[in-house]
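**Q** This is the structure, below, for whatever I ask next.
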């Protein structure tokens, strides 16, 4: 959108599209830093365990992150717009419970998918209504609905479980499209492309950035801020529904504790992917690479039988490191200039 | 780049060191628990190490998720499948959700058994129960009888009237009651697994039956409440409290004399037996099928029922001589 229609003489100077060339932008980008981390994790894993470089094992490893990453795409957009949804894991629990209940009533696979997606959408709409309709802060609303949605699952199920899903339903979480490529992996890739286009190549995506940077300014620029935010909550709910279908299909059973604690892993993935937790910036390729980094780190540690608690510590340190590093570097460069 | 080279060199050295034991002919048995950092399972891991030392060519991998979720255990199982371990012995967080992952493990030639907390039959080769209902029913009355050579009145303080486990155990106890002549079960009361209600029921028993010699509480809540009631009524020495309880909660009452002994499964024996069973199946010494008798080292043999389940042993008896060794464990 270079301002070419105006005469440079009257304007005084040409406003450039970007301050840096695309190559330089990439070289100083977060995504490159993450990519280097990902490659290093991959190389380290290959050396640390003789079992890592096996196509089947790598395929199994992708299940560690595909479902969470699907939610992380939508969550990324939501966080860029300056909101957050902490109820995603509880939406999974509620959607899975609804699907389980539908199975008891004899629902077939297409119906189950419809139930999962609908419950996800409804939960997202509920969150979106409370935030945009009532003007409540999203962090408070979704902490509330986090307990609410999972609470309903606990009331319905107690200490019981829903099982007996139809055998063709297992395809979503256990099926393979060809050789070692799982259905979940294909879905993950397709969603990554869709979300990347949505955020980086549509008006809607520009609006999301604008709202995150300056909600009041966006409103005065004619962007329907509540409507965009409501759509983002719907999208996050829908993706939680998709993840619920995949996870339920993979487990073949529903318990109210399903996907417990996933909301934090999803947010971690988004932030590690370079999305500013305060909103306004971030990219889908970043989230994709972050998903791979997290999945490969946990799988690599798993192969070495590192206890889970050490993994959590490492993920925490990694998060702090990648957040702190660019700031430290920036401060160092600024001091050198002065 | 210099740093990267150094890193590569270091990881290469580490890889060689780690690849070493994997290439040897040892059987690698993974003991997967509900979550790491739980005393009961740490003790089971001790038992597994004991079994490994006894068997010689076994490497035990003690692992589990950070919190007690099925998803966490599936990630652990996937990592174990990838390492091509020889056997997985798991205490499951979910009866059904682990089945697809464990089926995959079995398809790739890994021996899978469950112990303590079971997996649905199609997801494992056998399940090791710590004990069985008849053994528990017999044990709780035996504990009372052991300290009553001349017989006497005993009463049962159960959980709720609808508690499945307790009712089965009391029923099994009634079946073998004739083997303990002189022991007269005068009443069964219900404390609903609530500390205060169990306490009042125990007080009521002592008032209603002044000659009461023992209270049998086959519930970990009831046994503590009853022991407290006996202490508070200053009837230590007259009324013996016994049944099923946890060493950590009962140690004080054992030392005060309110409870001479009580029983519960021994996690060390459980980890030991699970490891030996997994080893015997993985090496082809035994086959898991209905009616099979599978040796499990110092714990004797495991007899499988039609559902490929078996009971390890009598509940383990804890008294003043050993309760302190276990009170920090669970």
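In case you wondered, yes, glycine gets a Cβ from its N, Cα and C as well.
Automatic, uncurated: that is what TrEMBL annotation is.
These came from TrEMBL, pasted as-is:
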TRANSMEM  A:32-53  transmembrane segment
TRANSMEM  A:113-132  transmembrane segment
TRANSMEM  A:139-157  transmembrane segment
TRANSMEM  A:177-199  transmembrane segment
TRANSMEM  A:230-253  transmembrane segment
TRANSMEM  A:259-279  transmembrane segment
TRANSMEM  A:286-303  transmembrane segment
TRANSMEM  A:309-329  transmembrane segment
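In terms of burial and nearby residues, how do these features look in this structure?
**A** Nonlocal intrachain contacts for the transmembrane segment (A:177-199), taken as residues 6+ away from its ends with a CB within less than 8 angstroms of a stretch CB, comprise 55-56, 58-59, 62-63, 66-67, 69-70, 73-74, 76-77, 80, 171, 205, 208, 239, 242, 246, 250, 283-285, 288, 291.
The list of residues near the transmembrane segment (A:230-253) in space but at least 6 beyond its ends in sequence, with Cβ under 8 angstroms from a Cβ of it, reads 63, 66-68, 70-71, 73-75, 77-78, 81, 83, 85, 88-89, 91-93, 95-96, 99-100, 112-113, 116-125, 127-129, 131-133, 161-163, 165, 169-174, 184, 187, 191, 204, 208, 259.
Within the chain carrying the transmembrane segment (A:259-279), a Cβ under 8 angstroms from the stretch's Cβ atoms is held by residues 30-31, 34, 65, 68-69, 71-72, 75-76, 79-90, 92-93, 96, 146, 211-213, 243-244, 247, 286-291, 293-294, 315, 318-319, 322-323, all 6 or more beyond its ends.
Counting same-chain residues at least six beyond the ends of the transmembrane segment (A:286-303), those with a Cβ under 8 angstroms from any Cβ of the stretch are 30-31, 34-35, 37-38, 41-42, 44-45, 48-49, 51-52, 57, 60-62, 64-66, 68-69, 72-73, 76, 188, 192, 265, 268-270, 272-275, 310-311, 314-315, 318.
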